[in-house]
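Everything below concerns the one structure shown next.
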Amino acid sequence: MRFVDHYCNPNLLEGSRRDGQSSRIGFKALIRRKQVDSAHSSSSSSSSSSRQHQLARELSISHLISIGVGATIGAGVYILVGTVAREHSGPALAISFLIAGIAAALSAFCYAELSSRCPSAGSAYHYAYICVGEGVAWLVGWALILEYTLGGSAVARGISPNLALMFGGNDRLPSFLARQTLPGLDIVVDPCAAILVLIVTALLCKGIKESIAAQAIVTAANICAMMFVIVAGSYLGFKTGWVGYRLPTGYFPYGVDGMLAGSATVFFAYIGFDAVASTAEEVKNPQRDLPVGIASSLSLCCALYMLVSIVIVGLVPYYEMDPDTPISSAFAQNGMQWAAYVVSAGAVTALCSTLLGSILPQPRILMAMARDGLLPSFFSDVSKNTQVPVKSTIASGVGAAILAFFMDVSELAGMVSVGTLLAFTTVAVSVLILRYIPPNEVPLPLSLQEPFDPLSLPCQMSADDIHEKSSEINSPKDSAKPLLDKVDSSIDIPTIGSCLARYGCTLNEKRRRKIAGWSILSTCVGALILTYAASNLSLPSYVRYSVCGIGVMLLLSALVVLSCIDQDDARHNFGHAGGFTCPFVPLLPIVCILINIYLLINLGVDTWARVSIWLAIGVIVYAVYGRTHSCLHDVIYVPTGHAEKVNKYSREVLA
């Protein structure tokens with residue numbers, strides 16, 4: 001009877017309802033988290049509203065690889081090899097690409113697990129909303145909007161110069177495509193960039209399958225151009241004796257530090273594989289296809305980057321490479337001037353595929369935020385014919401086209417990296433949260449709070465449920481237990497630290513979650529302190545070393561604690577089961593957090609000043625609209641088990 005009295009007490013929902021009311025304002029509104037769409041709930045959902053916002057599941061592994069490679073390999077690689085080889089890596093450029101690829105793979109592992117567990121549109125925004133909270137999710141989504149808008153505009157502005165090079169100069173282009181200066185305004189407009197953005201936008205509105213088919217063709221052309229560089233360059237290299245590697249300065253002319261600095265520079269050449277995760281809701285088999293698509297696209301990009309860099313650095317000594325056209329000039333110095341046309345064609349196709357890869361994810365980010373009520377519902381509408389978010393796609397395309405037409409966004413290119421690195425960091429933190437402190441309370445919608453009497457819930461439970469719950473109620477409360485409880489040494493203790501198990505001690509669940517939460521916070525703070533002190537050369541030496549020591553201690557202590565305590569058993573039932581599992585947790589996510597925060601710190605003061613203005617605008621938009629229109633505004637939070645019984649009972653009543 002004690003269990004029945006406890007479970008049927010109407011004050012249980014009343015207390016939760018009061019917590020829901022208080023979550024509408026203040027700090028609690030920033031940490032409210034939405035529920036992941038489980039396989040059961042998604043399959044049982046049959047409401048007209050859910051069908052109205054459903055995207056077409058059309059994508060397979062080959063489509064995902066096309067998206068990942070097309071969005072990642074841009075025209076930057078045709079320029080980046082010369083700049084990094086001359087200034088940082090020298091002949092060791094391929095090793096710089098390899099190290100950068102390994103660093104990017106850390107984030108790819110985290111994306112692979114979360115995308116297979118939570119296969120919905122929104123990518124990092126969606127994962128942050130489920131694992132971290134609404135405030136962080138909003139900032140990540142708002143930063144991604146900036147990234148994709150500026151990224152698409154910058155890519156489009158880079159196409160017309162390469163087209164002009166293919167036609168023999170800017171004056172050879174048709175007048176309606178050539179760049180022109182507006183009289184009296186000193187503004188250089190680029191009609192070609194705006195037209196290309198609008199063409200890509202119209203293509204995306206036709207449907208996801210048609211868009212990816214077009215991108216596959218353009219990406220294949222780009223890969224063919226890179227294969228030409230590799231094969232023809234290898235022929236020239238064996239013919240001339242690979243003069244670029246026969247230098248007295250050796251393989252590391254700038255030392256290991258220069259090679260690592262080159263890795264930090266070329267890391268941004270791998271940005272783009274996260275576009276695969278943004279299409280998770282449109283994948284036929286997300287648990288299998290998403291991890292394979294992410295890993296395959298990243299591996300292919302890394303292999304192509306390394307092969308191109310090996311060939312080009314071997315053709316010409318690194319100090320003689322042209323920083324603007326390194327590949328074309330390398331072939332020209334070896335008597336193949338006509339190869340410049342092939343390289344230019346490869347650069348144009350690379351930019352076109354990157355343009356499509358930059359505009360593709362943004363409508364899905366807008367749609368996901370509108371679904372959650374943080375943006376107007378206008379952005380969440382999905383066309384019944386094409387099953388793509390047409391309104392969001394048109395809004396994104398028009399905005400990017402206007403920027404590409406009027407603004408030279410090259411000076412704002414650094415702002416593109418902020419959104420990506422924030423997303424990478426948040427995804428790594430989300431993996432730690434999912435493993436150690438997954439949400440144990442879920443939001444109960446307003447529609448399920450009133451249509452039934454909670455006193456009737458016990459009638460739906462079996463005697464075994466009542467007996468089990470009665471045993472839990474009669475047991476001492478977690479809060480009354482000491483931090484370390486003595487247990488019978490004969491009991492099998494799962495995966496707890498060997499030192500605790502040896503002495504027959506274990507952490508109770510409440511304390512374990514609390515310690516894990518503080519350890520994850522310590523990881524973020526330690527990484528921020530360490531990277532800031534290591535990057536700020538203006539600090540006195542003793543201050544830098546002291547602060548770095550504090551950061552290292554925080555990181556190491558968090559790593560040791562998280563390695564010793566159990567991961568939460570609820571992680572096995574979180575979201576969709578049977579997908580990819582990130583290896584080497586907690587080490588891999590912690591290293592990922594450290595690398596991404598280091599890159600964020602080193603983006604420069606000017607970049608952060610511009611980004612801060614955009615983020616401040618986002619805070620105002622959230623405070624004025626998103627906070628009060630959020631779908632979690634009127635929900636109450638109940639334990640996961642209680643919510644499952646409520647949902648089961650409501651389905652039986654409505655049946």
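Glycine residues also receive a Cβ, built from the backbone N, Cα and C atoms like all the rest.
Since the structure is predicted, the reported quantities are computational estimates derived from the model, not experimental observations.
Going by TrEMBL, these are the annotated features:
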DOMAIN    580-630  domain 'Cationic amino acid transporter C-terminal'
TRANSMEM  61-81  transmembrane segment
TRANSMEM  93-112  transmembrane segment
TRANSMEM  124-145  transmembrane segment
TRANSMEM  187-205  transmembrane segment
TRANSMEM  217-238  transmembrane segment
TRANSMEM  338-360  transmembrane segment
TRANSMEM  388-406  transmembrane segment
TRANSMEM  412-434  transmembrane segment
TRANSMEM  515-535  transmembrane segment
TRANSMEM  541-565  transmembrane segment
TRANSMEM  577-601  transmembrane segment
TRANSMEM  607-625  transmembrane segment
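Listed by sequence, the residues of this chain that lie at least six past the ends of the transmembrane segment (412-434) yet keep a Cβ under 8 A from its Cβ atoms are 106-107, 110-111, 113-114, 117, 123-125, 127-128, 130-132, 136, 139-140, 143-148, 150-151, 154, 268, 271, 274, 520, 523-524, 562, 571, 574, 582, 585-586, 589-590, 592-593, 596-597, 599-600, 603-604, 606-608, 610-611, 614.
Contact between the transmembrane segment (577-601) and the transmembrane segment (217-238) is not supported: fewer than 3 Cβ pairs lie under 8 Å, counting only residues 6 or more apart in sequence. Residues 29-36, 114, 118, 274, 277, 361-362, 365-366, 368-369, 372, 374, 418-419, 422-424, 426-427, 429-430, 433-434, 438-439, 611, 614-615, 618, 621-622, 626, 630, 632 of the same chain lie 6+ residues outside the transmembrane segment (124-145) yet bring a C-beta within less than 8 angstroms of a C-beta in it. Across the domain 'Cationic amino acid transporter C-terminal' (580-630), DSSP helix (H, G, I), strand (E, B) and coil residues number 40 helix, 0 strand, 11 coil.
As a whole-number mean, the pLDDT of the domain 'Cationic amino acid transporter C-terminal' (580-630) in this prediction is 93.
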